[in-house]
């Protein structure tokens, strides 16, 4: 860092409008030579009102500013302290523009010589972080941030994180630092000066033994696992006792029973289904069972989970904690497909790419740092999004491996036989080939959250042809000699002529003409599909916000598909006998397109279940054609059931109507399953009430205004009495947004933050919801499971409608042919499972107390009400009007105190 002084600034303001809002708090942390040397903090008085949202966000109320100075009273002192410093902030444009305007209003011209944005720094230094919000960065790197959105604490936290980043940069190999310096010249801010100083002052020394070099890339040396040796002669019971004692957990007989049951099924190569209710401690139970099985037999166990979050928890938290508690060395490894792992040849190609783009430049710098620290090369560690992900995917698709490439998948394969536990997810479990050498090493598998397997299987058997994807794939090739792969081919042909390369001539003009025709044929194909949509019955699938056509003639589509496949075959003939790597990249892309169209053609000819989906009825570009290639039951049977000698399905919601039959029939083979139920009967369930309003009109599809108004009335009643947060679950985006609009217009919610589910933003929204004391979260099916919200007061989950899939839902259409009675055998069990998962959002531990409100009267007034009532056996149930609801809330609130 040298001896320069950095002024790390954070401002709190009345809003984000530069011309209308004021600063209400300023915090500055001064850093020199990787140390905090001074701080400055002041509240700033304003004549503007502080909006309720800002008060909730910052905990700054208007009375806190009454004795504070106006900015013009402290401006000169702040300027004097900052004028010679490097200006630093997180999302620097916001803070810099606000403080420059505030200075200008005081007749002070502030122009810092150098500006650094820590958002830019942290993206580069911490490439695997899931979020670059300050509070989440602080938590990820062990920095205490008690009061986020307070300027003094935010500035200090930003400074501490910046110091961590700079310390990390200084420890990098010199070759990596030099590359970062050259790339940093294309950043928005002045980070290149920092890298220049680091390179200039670098203490030259040989490359550390922990690194290796591939071309210009320095990467972390891969260290193979040693074959584990676990010296233990005791029983599972004593192993369990030691684990819970060392981990500070409560000894639970039901948890031990679950572990013993799993071990017994593994030892006897059985197929089993286990419903283990909330609080049974599934993860610890099956980890101990898998470990004990390995100790006794030497065999390793595959564990498949539903989410990345649970995978990370097992690998980064639970297994390391067990290692420490038991004084063992459990080798565990994340198992995925080859395409999920990086190759150094691909990184080298990306670094050499001359694409001039800010996000691509950041990605190159992230890759340089990531490859010095990743032990696995798992691409998902990078959490790529948006333009970076599109660019990276493009590079993967067109990459032809180098001769001496280093691929991290080979490391995974090499070490798989030296592990005790393999961790995978349902998608990879179902997608993996039987011939896959890694999966062949496992005879035994535990499938956690097994109730989600059918959804992943349906994704696996459904083939998709989308306009956007095909246009993107064609775009990677280009339409003329100045674009993408066609440009590379054109340059190759010129090189062949000038340098007399030993390859056959390439018909550039013929290739251009062929590509233009392929583009035209693709447009014709989707125009045909667009015409079919306009001439057909269209059904809305509101939960996914698409319009679907289920019944249509395929004759014209097949004609267009045949034409485009024929043209792709003729285009591929241009490259017969040419093996240059540039040609291989283009051939790879053309073959991908041909296979995509050919698979759809074959499925349509065979009469497989298909449907057309369109997001915007007026835009051809939003069309997708789906074809179901195989039965879900066939895939689950072949890819899961037949792959392992012993197989244990475990979930909190496997049973339906007191039976495992609904889950059993997802397999088309008459296999015997042992079935078990582990019920902990949490006391907290008895502390939770299910309230069913009697004054809400039955849901009417064509007129839901009254139904929505009733939901809002109950939300008002709840928030008025409790001042607590609330989760409201919907089965329709339309209803969710209607409720959102009403809440935003009502004065009762001025001091509440109303959050709504958004695409690809669930993690961020959950974090915001958990951070606010007064918040309402409106969500759809995504939030029926896998989401635990935190609340100090009463917890409340409101369920707008029972989570039945609509008969115009794509899943319903695709699964219909696999059941005799689709509603009874598939739709109803699915709805009950989702409802049980929704109840589980509230009950997470013994201390939870709260209320579940179900507005759907089908819960008590339908032919299947008894099945839903089974899910409520452990809850106190009450039916009544809104006054009785308020009375119940006051009773719960009194008990909570």
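Cβ coordinates come from backbone N, Cα and C, glycine included.
Computed from a predicted structure; not experimentally measured.
Feature motif 'DEAH box', per Swiss-Prot, maps to range 448-451 of the set 448-451, 452-455, 456-459. Under 8 Å from some Cβ of the motif 'DEAH box' (448-451) lie the Cβ atoms of residues 273, 282-283, 286, 303-307, 310, 426, 649-651, 653-654, 663, 833, all in the same chain and six or more residues away from its ends. Annotation for residue 281 (ATP binding site): same-chain Cβ neighbours under 8 Å, separated by at least 6 residues, are 249, 252, 255, 258.
Using a 10 Å Cβ-Cβ cutoff, residue 276 (ATP binding site) registers 26 neighbours. For residue 280 (ATP binding site), the Cβ neighbour count at a 10 Å cut-off comes to 23, with all displayed protein chains included. One residue stands out among the binding-site residues 277, 283 for having the most other Cβ atoms within 10 Å of its Cβ: 277.
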